[in-house]
Amino acid sequence: MIQQIYPSVAHDFRYELNKDMHFAAAHFIPHEAAGVCANMHGHTYFVNVTIAGDELDEVGFLIDFKELKRAIHGAFDHTVMNDHPAFTNMYPTTERVAAYIWQAVQQKLDDKPNGARCLQVFVRETPTSYICYRPKASDFRG
Ligand SMILES: Nc1nc2c(c(=O)[nH]1)N=C([C@H](O)[C@H](O)COP(=O)(O)OP(=O)(O)OP(=O)(O)O)CN2
Ligand SMILES: [Zn+2]
């Protein structure tokens, strides 16, 4: 939820950016183990991304907050998550949504010269269920 306290991630970088956002989307998990979640249903997803780095860009940003919103909210808001290209071969579980968001955000950061890293992606799917995704060191380029 926006304004909630998120799990913190230990690091030694000078700057830490956090961006909260939410989006509305539908999904379904067409597997017999998913029970009623096999039926199309909707959520308001709450997302927090944590980005850290030692250097800022020429503007003074680790990355523009607005660029993060475009990459995540822009990809999913008012969509059926199963129709997203990232989920053509897999179900859009909260775990996979969080992993996708990490990849999309880190790709944006890799396109910039200041070497920032996405250290954590928090995705809340329901009032009682959330996933916290943290990359391995080997997931980063270079
Ligand atoms: N590990 C996962 N388990 C489940 C996922 C998931 O993405 N990862 N998803 C679902 C469903 O999509 C469902 O929307 C969420 O389930 P749940 O937390 O059970 O929702 P409730 O609101 O019914 O939770 P209560 O705490 O029981 O009210 C299911 N599992
Ligand atoms: Zn669901």
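Even glycines carry a Cβ here, placed using N, Cα and C.
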Per TrEMBL, member of His27, His73 binding Zn(2+) alongside His41, His43: His27
Count of other CB atoms lying within 10 Å of the CB belonging to His41 (Zn(2+) binding site): 11
Neighbouring recorded positions, C-alpha within 10 angstroms of Cys37 (active site, proton acceptor) - of His27, His43, His78, Glu125: His27
Around the Cβ of His43 (Zn(2+) binding site), the count of other Cβ atoms that are within 10 Å: 19
His78 (active site, charge relay system) in three-state DSSP notation: coil
Env. residues of Zn(2+) site, Cβ within 8 Å of mean position of His27, His41, His43 Cβ: Ala25, Ala26, Phe28, Cys37, Met40, Gly42, Met81, Glu125
